[in-house]
């Protein structure tokens, strides 16, 4: 892959876990487990390709509406993921960053997320953003509340100021959004940051989304002409 055309920041909606499990006559939790197992491999491959930021949409503010047993499983899966994968992320110099309203997570889940961020904060090969209890509109409300609390006047409000109050502050906006699973929508993910991102959709379900699938997305991105509103 030509490193010149590699996106700096890739965002992925982790979609299709439940359908993947259903096709195998297994419970949805089986799909979530296999989806979680896919995360580190794609992260390490993205790093190998030259991607510096990888943002994954794991659990939205709307996902609390799912059955309690599924939600509880997902919260415990986060803990299991960190306990089992933190060593390899440290070894590979990966920074782990959780974005979203973490205060509403179960205390044990929140605590281990914060510790993982602290443990990996000096790593700089790639930043892995995992969105938990995240919603794009909720993020904007949170940002504007912060600015109001800081006494920011409307005349002083700028795009840069808004960006500096988002969960992804100090990071470049995504260049490429990948959505596995066949759906053609953003689902409230990084809606401010994705203003100029290239969008790539595939029918492949997330647990099946391997390195070859990632290569296909990067190859498609490399052919795009990003004009940012200009003519060429």
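Note: Cβ is positioned from N, Cα and C throughout, glycine not excepted.
Per TrEMBL, the features are as follows:
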type	residues	note
ACT_SITE	15	active site
BINDING	15, 198	Mg(2+) binding site
BINDING	16-20, 28, 32, 60-62, 64, 66, 179, 185-187	substrate binding site
ACT_SITE	63	active site, proton acceptor
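Annotation for residue 186 (substrate binding site): same-chain Cβ neighbours under 8 Å, separated by at least 6 residues, are 13, 136, 177, 179, 194. Between the alpha carbons (Cα) of residue 198 (Mg(2+) binding site) and residue 16 (substrate binding site) lies a span of roughly 21 Å. Note: the residue listed as 'active site, proton acceptor' has non-local neighbours 71, 74, i.e. same-chain residues 6+ apart with C-beta under 8 A of its own C-beta. Fewest Cβ neighbours within 10 Å among the binding-site residues 16, 18: this applies to 18.
You'll find the Cα of the residue listed as 'active site' roughly 10 Å from the Cα of residue 32 (substrate binding site). Annotation for residue 61 (substrate binding site): spatial neighbours 100, 101, 133, 134, 135, 138, 188, criterion Cβ-Cβ under 8 Å with sequence separation of six or more. Annotation: 20 carries the greatest number of neighbouring Cβ atoms among the binding-site residues 20, 64 [cut-off 10 Å, Cβ to Cβ].
Residue 198 (Mg(2+) binding site) carries a strand DSSP state (E or B). With a cut-off of 8 Å between CB atoms and residues at least 6 apart in sequence, the same chain places 17, 18, 21, 70, 73, 74, 77 near residue 32 (substrate binding site), listed in sequence order.
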